[in-house]
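A quick write-up on the structure given underneath.
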Amino acid sequence: MFIFQGCPQLLPADRILVPVNVVKPITLRAKNLPQPQSGQRGYECLLTIQGNEHRVPALRFNSSSVQCQNTSYFYDGMEMSSLPVELTVIWNGDFSIDNPTHNKVHLYKCDAQRGSCGLCLKADPLFGCVWCKGENRCTLKQHCSLPENQLLEPNGINSKCTHPRITQINPLRGPREGGTLVTIRGENLGLDFREIQGNVKVAEVDCTPIREGYIPAEQIVCEMGRAEMSQYTGNVQVCVGVGACRPEFMAKSSKYYYFVIPRITRLKPSRGPVSGGTIVNITGSHLDAGSNVSVMFKDQPCTYLRRGGQWLTCRTHASPHGYGNISVSVSIDKAQLQKDLQFEYVEDPTITKIEPEWSIYSGHTPVTVTGTNLDIIQTPLIRAKYNNHETLNLCEVLSSTSMLCQVPELPISLARQQEAPEKPDEFGFKLDDVQSLMALNTTNFIYYPNPEFEPLSSSGVLELKPGSPIILKGRNFLPPTNSGNGKLNYTVMIGDKPCMLTVSETQLLCESPNLTGRHKVLARVGGIEFSPGVVHITSDSPLSSTAIIGIAAAGALLIFFIVVVLIAYKRKSRESDLTLKRLQMQMDNLESRVALECKEAFAELQTDIHELTSDLDGAGIPFLDYRTYTMRVLFPGIEEHPVLRDLEVPGYRQEQVEKGLKLFGQLINNKIFLLCFIRTLEAQRGFSMRDRGNVASLIMTVLQSKLEYATDVLKHLLSDLIDRNLESKNHPKLLLRR
């Protein structure tokens with residue numbers, strides 16, 4: 001742009017750096033600056049910071065220099081370490097001095113995006129940022145209150161950051177053969193490549209840093225050496241500096257790097273077209289290890305796509321060797337994976353017939369494709385091209401010689417749709433990388449205009465009686481193909497139910513399903529879906545036949561259910577009464593027999609007593625001592641019960657066992673505990689009658705010296721038994737029959 005020599009203008013300036021929150025003038029070189037006259041306003045600097053204008057008074061030194069006066073500036077956010085700001089010098093209120101080189105002021109913050117010592121010291125030296133060690137922050141030198149020896153300055157005597165840290169390692173696994181490019185990210189990883197050269201070890205194996213991947217203070221990329229068979233895993237070690245490594249300059253990762261043995265087992269599919277394009281999936285183990293993977297089909301590379309721990313995929317190229325089997329090899333970094341894998345290149349598919357050779361503009365009509373070797377294609381597509389626009393659709397392989405395809409739509413504007421059929425510029429198939437079938441010269445495939453539907457009525461709602469047919473009117477319902485009217489697969493839905501169709505050139509006759517109410521009509525054909533309106537089917541009767549049948553069926557079902565319930569209840573009641581009477585009779589008979597036996601036994605006892613009395617007149621009555629009698633009553637049939645023997649426990653436990661038994665004896669003498677103890681035992685399902693008798697005998701043995709207390713407990717238990725029998729409405733005579 002031509003600028004007149006006499007025009008006032010700012011001259012090119014070096015980068016103008018201004019730290020935030022620091023009062024500083026901005027001096028600019030210029031030429032032909034006018035001297036303000038009497039009554040004229042002076043100079044101002046206008047800075048636009050984040051959309052806000054800041055006006056600062058300016059002083060003209062002479063015609064070649066102007067200075068924005070001392071002012072501090074600020075911008076929001078810590079996302080940007082520096083912010084370029086538009087600068088305009090204004091004279092006399094509204095005249096802008098030309099700035100042909102677009103000089104800008106760069107505001108900057110030392111602490112923005114510089115949270116570590118390394119990032120701080122790698123900043124532009126012109127910023128004047130230093131690392132304040134005691135405060136662990138990046139700031140201007142004058143803003144650090146610590147002594148000089150606590151400052152780290154770029155390119156200074158004391159400019160080496162301590163305590164490097166590793167935050168990320170990628171990858172974490174690799175082959176022992178080496179060659180893996182390991183990316184190490186962290187903080188304070190040196191400011192010069194020489195500081196880390198030869199100072200990186202991964203799992204105790206030397207890793208050679210690569211200059212091109214080094215980002216000062218932030219990232220190291222190194223190439224792994226070969227590991228021994230005895231080495232399996234280890235962390236990453238980086239020493240920053242030249243010479244002997246000191247502890248404060250050593251970084252060790254918390255994560256470990258592992259040596260693994262990648263293996264391959266099989267590939268699928270094992271054959272594909274000679275033109276290539278087959279996506280081959282190779283399975284194995286540890287296939288995501290290392291940094292670089294290569295798949296070779298003999299001497300031809302297979303383009304790597306992606307991989308996981310147990311698989312990797314690649315895309316084949318055209319075979320330079322023609323048909324036949326070739327060997328497949330895989331390498332990960334410097335590891336060559338050994339496996340005898342074979343892939344067979346076979347002849348490209350061919351297409352011999354398409355039937356039918358027509359569709360409609362919207363496509364999505366089925367065609368049957370006949371050919372050879374169709375089953376070797378993974379994702380076959382059918383294509384059409386019209387006016388440089390291509391459309392595709394899917395095919396389903398049925399066998400090696402046939403597949404079923406959905407015709408793609410013809411990319412023609414709706415506004416240009418005509419009544420005449422159209423032939424696509426190209427029509428063919430996209431079968432992997434087979435180019436010979438992209439455009440078929442042997443087909444006369446043609447597209448006919450789409451069917452068009454008219455609304456059901458002017459209001460959009462058609463009133464009908466149940467059973468009345470629905471007539472959809474329109475045109476192009478039957479394409480005029482060379483072999484006669486072609487048939488399209490129409491589907492008409494009344495609500496969510498389909499209807500039976502009869503198709504003619506201008507009408508679709510739909511026999512409506514047995515419905516009432518308002519239902520949306522939806523017609524589908526090919527890729528077209530159209531709703532001509534809503535039908536309202538009303539019945540002559542206030543209740544439809546369906547409703548009447550439903551009510552009658554529900555009433556009959558309810559009556560049947562009530563009758564069944566009454567019969568079941570009557571039968572159940574009769575069975576209960578019979579069972580009760582039978583039990584009562586059995587009880588009465590049992591009591592009669594018991595009473596009779598008791599009378600007979602009592603009579604026999606009286607006779608035996610008289611005889612015994614006469615026998616004992618001279619010898620006296622025999623009796624047992626109390627202890628023997630009690631043991632026979634409480635523990636019948638047991639001669640030597642453990643209760644009669646001394647306590648047999650090891651000496652070191654005897655004192656503890658005796659103390660425990662004494663405390664348990666105190667608890668038994670507590671009536672509340674004893675009652676709760678007995679009730680808890682009786683509540684257990686597995687607590688049998690024999691167990692109850694054994695526990696009762698043991699408790700009575702303990703309470704021999706406190707029979708009054710034992711009698712009181714027995715009274716409480718008997719009261720509980722009576723209450724439970726009354727609640728369960730048992731026969732009173734059954735109370736004590738246990």
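Placed from the backbone N, Cα and C atoms, the Cβ positions cover glycine too.
According to DSSP, the domain 'PSI' (109-162) comprises 14 helix, 10 strand, 30 coil. The feature domain 'PSI' is assigned by TrEMBL to 109-162.
The average per-residue pLDDT of the prediction over the domain 'IPT/TIG' (163-259) is 92, rounded to a whole number. Look at TrEMBL and you will find 163-259 (among others) tagged as domain 'IPT/TIG'.
Taken from TrEMBL, the feature domain 'IPT/TIG' covers 261-346 (among others).
Under DSSP, the residues of the domain 'IPT/TIG' (348-448) split into helix, strand and coil as follows: 6 helix, 47 strand, 48 coil. Taken from TrEMBL, the feature domain 'IPT/TIG' covers 348-448 (among others).
The domain 'IPT/TIG' annotation in TrEMBL covers 450-546 (among others).
Residues or ranges marked as transmembrane segment by TrEMBL: 547-569.
Taken from TrEMBL, the feature coiled coil applies to 573-600.
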With helix taken as DSSP H, G or I, strand as E or B and everything else coil, how many residues of the domain 'IPT/TIG' (163-259) land in each class? 9 helix, 48 strand, 40 coil
